[in-house]
Amino acid sequence: MELLLQKGANALGQASDSSSILLEAASGGNPDSVTLLLEYGADANVPKNSGHLPIHVAADRGHLLALKTLVPVTDFAAIKRSGISPIHCAAAGAHPKCLELLIQAGFDVNFMLDQRIRKHYDDHRKSALYFAVSNGDLSSVKLLLSAGAMPNQDPVNCLQIALRMGNYELVSLLLRHGANVNYFCRVNPLHFPSALQYTLKDEVMLRMLLNYGYDTELCFDCPHGDKVHRFSASEGWTSTVIKDTMFCEVITLSWLQHLSGKVVRVMLDYVDQVRICSKLKAVLQKQGLWSEIHFILTNPRSLKHLCRLKIRKCMGRLRLRCPVFMSFLPLPSRLKAYVLYKEYDLYEQGIFTGTW
């Protein structure tokens, strides 16, 4: 390459798709080739037809040394015009070392994909964090969250992706950094926050959500009360039903009824006095935990429990989602732990098998 350049080869040449020689060198990952081309006048800010720059390609392929060379010669304005940050590319390619380099260089971890890029993804993802979570890449997720990445920016919540994977560490990490446990899916919305549907068979995951302020009371909200529930011809979850489905309609489905007693018993640890509707009651009465559930429902809750609920309500869900706020409360450590339901934090206790 050096000989060709010395003989007059054009370092600014481009292929039919506008891919520059520098971009192809970045794709190969040879830092000496990248440096040589730059010395002969190659421009790091010339995009190919797709909008990608050499820095994007180096980040996507995980070529750390080439990336180091390209960072100082790439304009932020050119990156903004491209509609995608090299942060996205490093996260998508699962290259935490490249990601760390870019973060240290000052790239914005909350740069969102431009609409013209977003439309190529079925889920219309926007953030680099979403790419890292989708890959199950804990190292990259930790780097992004530590650098200030916001976990609630995408149409499909990052927490939803982690819950679907059943990845305890990923879910815990997102919750500690402010992931919203009370998000609602845009498709087939339920009457209660959507995250619960991924935890019905897993007590560890269920308590994670409840500890971080999941709106449990909505699960006991039913307009029918003690009256007979109207029959729905399209009862249950399907790809076509779009309605305000109540929790009682979900947990009483034939393939979930056996979980109802365990799920409701756990939920009662997070609410004041609640009333259960006739439909839910009829199913619970057939469960082994019914006597314990009935005792809780028909007796006053302890003052200690009520005080915990009141403190949590005064704190608000935003502070519960970010427990660092607890450090500002003039309360003894044991009381803080009680308010945060630490006795029910099974994951922190090292319990990693949550199937009922």
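Our numbering is plain: 1 for the first residue shown, then up by one each step along the chain.
Every residue gets a Cβ built from N, Cα and C, even glycine.
Copied from Swiss-Prot, the annotated features are:
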DOMAIN    290-345  domain 'SOCS box'
REPEAT    17-46  repeat 'ANK 1'
REPEAT    50-81  repeat 'ANK 2'
REPEAT    82-111  repeat 'ANK 3'
REPEAT    124-153  repeat 'ANK 4'
REPEAT    154-183  repeat 'ANK 5'
Please average pLDDT over the domain 'SOCS box' (290-345) for the predicted structure.
-> 89
Count the residues of the repeat 'ANK 5' (154-183) that DSSP assigns to helix (H, G, I), to strand (E, B) and to coil, and report the three numbers in that order.
-> 17 helix, 0 strand, 13 coil
List, by number or range, the same-chain residues at least 6 past the repeat 'ANK 5' (154-183) whose CB is under 8 A from its CB atoms?
-> 123-127, 129-130, 133-134, 136, 138, 141-142, 145, 193-195, 198-199, 202, 204-205, 208-209, 212-215, 317-318, 321-323, 347, 352, 354
Residues in the repeat 'ANK 4' (124-153) per DSSP class, helix first, strand next, coil last, are 16 helix, 0 strand, 14 coil
